[in-house]
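Student: One structure coming up, written as structure tokens, with questions to follow.
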Amino acid sequence: KRTLIADAEFDREQHDEVQHKLQQTKIDEEGKDECTYTILVTIKDKRSASMLNLINTFNRDGLKVSHMETRPAAGSPTQKQSSEGLDVFMEVICTDKLMDDLKRGLLQSDSKFVLKNIKAHASSSSLSSGKESKEKNTENNTSDIIWFPMSIWDLDKCHHLHTSYQPDMDSRHPGFSDKGYRARREHIAQVAFSYRHGDLIPRVEYTTDEVKTWTLIYRQLKKLYPTAACKQHIYVIESLEKEGGFCETAIPQLEDVSRFMKRRSGFQLRPCAGLLTARDFLASLAFRVFQCTQYIRHPSSPLHSPEPDVVHELLGHVPLLSDPNFAQFSQDIGLASLGVSDDDIVKLSTLYWFTVEFGLCRENGQVRAYGAGLLSSFGELQHALSSKPQIKPFEPETTVIQEYQDEDYQPIYFLAETFEDAKEKLRLFAKSLKRPYELVYDAQTQSLQILDNVKVIHQLSSKLKLDMDVLEHALDRLHKNGINFRVI
């Protein structure tokens, strides 16, 4: 299998390597930045030969003497001045590396020179080029701020693909030796890659063999759902069969399914060309957008797919993302991921894996599946509900550090008592993630606001006050009509 956690860990390793290289480059470049140095050198005697030797010491490529003056050398505290010697005051412009070489040259020269003081400050050349000296204030350095989309339109930039698990690159993939299947996958991926927000999702004309694969899987899983799937999944599947184009004999089109979802929970589908980075995938959830593949698994392995395919997306994810409560849970994970560190992305990916992909919940005392990886896998669904695996209570702090299995069925699953309980625990966990600001999602504009100033917070509080006024008015109306209620 190719997992979101593996993608997140891969991203972290890549970013660590890039940061190491950038840090090394920064160290190397710092030695190339020019600074103005103020230097005070004492010549022990006033002979012209000594002065000439000093000038020759500073006669180097890349070093510019911008000012020089001399005066009699200062004597000891008991003497007004020395009878011999000369203080030479200079301002020179050069790099740190050249200055280090110069200092070594002065200190290792004959005893005619005494180096008294060197002080560096930003030169005009370094300021004009945007470079900084070591003494320059770096409190406002924003190089460590991580970009994330601020509106649903920015998701057009969130399509960076992982290509390390394509059929033509892994000999273990069922489609590795099938050139026709690989070409088909490539064609569908290119159609998705050209998609931009606001476009209609391209329709795919599936082949007879592809439909046969869908039919086989659909029939097998439908037999298990009544006793294995959570009630929300069963209810939405029935609705999808009535309204969303779900049936045994045809693979549903994403555009039709996306419209169904948007009416139910505000979530919508977006076609993607393949496996995205974990950060991009999670960021999409913040805007109630689910990045969805359109190709189907190889017909030689209908009950298993090493990576997400249209069966996994439609039978696993779509039904729960159409439920308002579960949709909110998924969006909360997405919002928590925006702007956090690579380590936190790995934690949230692990959380997503053991909930949205392989989560279990309790219903009327019975354990049921709500994870898409279970609801789209005949074998693992049976395994998860058997006595073989270990079932742990869902606690985000322990879930995010749990080792996962990507070669076989999971040995451990996490059980949520209710979706409401899982949502509350997730919100508390999200508060522990380090981020220098709070974010709020505006459903009307499908964009984010960063709560980093009083004006923005005041605008949000005014909107919340209006919403509370509407709720209070509604409760008052119920009370006047003799309807008893209890606020929880």
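Even glycines carry a Cβ here, placed using N, Cα and C.
Take a look at what TrEMBL says about it:
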- His312, His317, Glu357: Fe cation binding site (BINDING)
- 133-479: domain 'Biopterin-dependent aromatic amino acid hydroxylase family profile' (DOMAIN)
Student: Please list residues from the chain of Glu357 (Fe cation binding site) whose Cβ is under 8 angstroms from its Cβ, counting only those at least six apart in sequence.
Tutor: Leu4, Gly371, Ala372, Gly373, Leu374
Student: Which residues in the same chain, at least 6 apart in sequence, have a Cβ under 8 Å from the Cβ of His317 (Fe cation binding site)?
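Tutor: Correct list: Phe290, Cys292, Val356, Ala372.
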Student: Cβ within 8 Å of the Fe cation site's Cβ centroid: which residues qualify beyond His312, His317, Glu357?
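Tutor: Those within range, site residues removed, are Pro308, Glu313, Gly316, Val356, Gly371, Ala372, Gly373, Leu375, Ser376.
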Student: Within 10 angstroms of the C-beta of His312 (Fe cation binding site), what count of other C-beta atoms is obtained when all protein chains are considered?
Tutor: 23
